[in-house]
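K.L.:
Okay, handing you the structure first.
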Amino acid sequence: MFRRLLIATLIGILAALAVAAFRHAMQLLEWIFLSNDTGSLVNAAEGLSPWRRLITPALGGLAAGLLLWGWQKMNQQRPHAPTDYMEALQTDGQFDVGASLVKSLASLLVVVSGSAIGREGAMILLAALAASSFARRFTPREEWKLWIASGAAAGMAGAYHAPLAGSLFIAEILFGTLMLASLGPVVVSAVVALLTTHLLNGSDSLLYTVHLTVDLHAREYVMIVSTGLVAGLCGPLLMWLMTASHNSFLRLKLSPPWQLALGGLIVGLLSLLTPTVWGNGYSVVQSFLLSPPLFSLIGGIFACKILAVLASSGSGAPGGVFTPTLFVGLSIGMFLGRIWGFWLPGSDEIAILLGLAGMATLLAATTHAPIMSTLMICEMTGEYQLLPGLLIACVVASVLSRTLRHDSIYRQHAAEH
């Protein structure tokens, strides 16, 4: 057991380093190509001329598509191992290292160029890949899946500062591939990854800053649970829209470079209306939580952002859908909060409260992982007083969503990409 805990610690450190390497590569490329050192792609877009804002996502998509297409052409005759940690966990615990690195590099290109896709997909993949490489060299074959799971959980913890949610991400989303008794090393890896990330960043701050002073009573619990019901309906709708977008791109019969370029061009066109469509939505989520916008502004940004997410995901841009889902959930929750605010006092507080509820419940509705989703929002914001209400609402959202659509967003995304 001590040996496993030691390996879990080492994997946590490796995963944190992999996440940090991807983050620093993003910052470097943003500085080189966009003259941006703020870490915010929205700020980068605001500083560009309209024509550069239009073509940058398209060029990034084209470059990523050429990279993926070229790799596929070079390796057509070679047997393929998985390039996705979920697939690796469900097979024999091995990765195609070269293809995984190329996929991560392609993800880096589309993320840095402004596509509305999450960066956490590549971060978790690199963390799991680092864990797999270590495990194949130093551990017996029957443990490989455990260490890939530990690496994935540690990658989630490093990316989102949420070690408990990262561990439960493995337990809930990949249920059946691991015994509950194996979660000890997974938790250790996740916590060590978070501590290493804090050490590398020189800070232990929360991922999102929230100023919420509302007291929770029966009325607030009713609003939170009602948000869960709405999210339970919106989750399957979002996944259906993603599938429809993906199928629409496939019907165009474009080669991968042009398909990703088209997705990027759509994002570029939308960014002429509002630069907030660039990136995964992190900075927009933070600004909404600090200063909830009015009803009409939420609607305008939401409409443009959801179209950008559908264009990026549908075109096959390699990346995650986690943070974009958080933004969509936040917008839905704030919509509901503004509606409640027509009749109740403290409309900004209600908007923030239901925005957080929307983030958690839409995440639960799309991942079918209610406990992970609840803990994720609490760990990212520090608002642990919301845990009981969010847990009930997330279970409601997850059950309703699973009833309407069997597959989770991660299963769907893996099948399409």
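Any Cβ shown, glycine's included, is placed from N, Cα and C.
Given the structure is predicted, the values throughout are model-derived calculations rather than measurements.
Pulled the feature table from Swiss-Prot, pasting it below:
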- 5-25: transmembrane segment (TRANSMEM)
- 54-74: transmembrane segment (TRANSMEM)
- 146-166: transmembrane segment (TRANSMEM)
- 168-188: transmembrane segment (TRANSMEM)
- 222-242: transmembrane segment (TRANSMEM)
- 258-278: transmembrane segment (TRANSMEM)
- 288-308: transmembrane segment (TRANSMEM)
- 316-336: transmembrane segment (TRANSMEM)
- 349-371: transmembrane segment (TRANSMEM)
- 380-400: transmembrane segment (TRANSMEM)
K.L.:
Check the transmembrane segment (349-371) against the transmembrane segment (258-278) for contact, please; criterion is three or more CB pairs under 8 Å, pairs 6 or more apart in sequence.
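P.N.:
Between the transmembrane segment (258-278) and the transmembrane segment (349-371), which are separate recorded stretches, there is no contact, as judged by 3 or more close Cβ pairs.
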K.L.:
Hey, which of 5-25, 54-74, 146-166, 316-336, 380-400 has the most Cβ-Cβ pairs under 8 Å against the transmembrane segment (288-308)?
P.N.:
316-336
K.L.:
What stretch in 5-25, 54-74, 258-278, 316-336, 380-400 has the biggest tally of Cβ pairs under 8 Å against the transmembrane segment (146-166)?
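P.N.:
Ranking 5-25, 54-74, 258-278, 316-336, 380-400 by Cβ pairs under 8 Å to the transmembrane segment (146-166) puts 5-25 first.
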K.L.:
Sequence gap of 6 or more, Cβ distance under 8 Å, 3 or more pairs: do the transmembrane segment (316-336) and the transmembrane segment (5-25) meet that?
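P.N.:
No, the stretches stay apart by this measure.
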K.L.:
Could you give the residue numbers and ranges of same-chain residues that sit at least 6 residues beyond the transmembrane segment (380-400) on either side and whose C-beta is under 8 angstroms from one of its C-beta atoms?
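P.N.:
Tertiary neighbours of the transmembrane segment (380-400) are 160-162, 206-208, 210, 212, 216, 220-221, 224-225, 227-229, 231-233, 235, 289, 353, 356-357, 360-365, 368-371, 373-374.
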